[in-house]
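Written out below as structure tokens is the structure these notes cover.
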Amino acid sequence: MFPMVTEFMNYGQQTVRAARYIGQGFMITLSHANRLPVTIQYPYEKLITSERFRGRIHFEFDKCIACEVCVRVCPIDLPVVDWKLETDIRKKRLLNYSIDFGVCIFCGNCVEYCPTNCLSMTEEYELSTYDRHELNYNQIALGRLPMSIIDDYTIRTILNLPEIKT
């Protein structure tokens with residue numbers, strides 16, 4: 001008779017424990033009910049990136065001295081620097097500079113180690129294309145100034161959202 005009573009007690013304890021676990025899960029679900037939604041409607045709303053966000057690289061052609069430090073510190077030897085040695089002034093003259101963003105890992109080493117600060121990271125992250133060859137940016141495409149998300153009037157940022165009345 002005692003084994004049946006102990007089995008019944010164990011069954012009751014397991015039932016109470018299961019109900020407690022279900023209640024804990026339900027309380028967590030209810031605690032999320034009064035939070036603001038995290039999802040943004042992407043093409044029309046964008047998150048404002050942080051100050052140190054590593055997006056598309058901006059290149060200033062006039063500042064570059066063709067030292068190729070960016071190529072040496074890049075883990076995948078990505079930037080292509082074409083230069084010509086000017087014999088009369090004994091300096092390098094930059095002819096072409098390009099980066100393939102289809103291969104770039106956005107580590108930021110080139111920006112960090114550039115001695116003339118001709119490279120900088122922007123907050124631009126929309127680089128998707130239908131053709132991978134369009135991701136190979138030359139010095140003209142790299143020199144294009146990025147439009148700030150805050151200044152873009154077609155985009156509603158999280159800061160510009162109407163307040164939700166509670």
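Placed from the backbone N, Cα and C atoms, the Cβ positions cover glycine too.
Together with CYS104, CYS107, CYS110, the [4Fe-4S] cluster 2 site in Swiss-Prot holds one more listed residue from CYS67, CYS74, which is CYS74. The closest partner of CYS70 ([4Fe-4S] cluster 1 binding site) among the binding-site residues, by CA position, is CYS110; the full candidate set was CYS104, CYS107, CYS110. Long-range contacts of the domain '4Fe-4S ferredoxin-type 1' (55-84) within the same chain: residues 49, 91-101, 103-107, 109-125, 127, 137, 139, 142-146, each at least 6 residues beyond the stretch ends and with a Cβ under 8 Å from a Cβ of the stretch. Apart from CYS64, CYS67, CYS70, CYS114, the [4Fe-4S] cluster 1 site neighbourhood in this chain, defined by C-beta within 8 angstroms of the site C-beta centre, holds ILE65, ALA66, GLU68, VAL69, VAL81, CYS110, PRO115, THR116, CYS118, LEU119. Closest to CYS74 ([4Fe-4S] cluster 2 binding site) by Cα-Cα distance, out of the binding-site residues CYS64, CYS67, CYS114, is CYS114. Averaged over the domain '4Fe-4S ferredoxin-type 2' (95-124), the predicted model has a pLDDT of 94. Of all the binding-site residues listed here (CYS74, CYS107, CYS110), it is CYS107 whose C-beta has the fewest other C-beta atoms within 10 angstroms.
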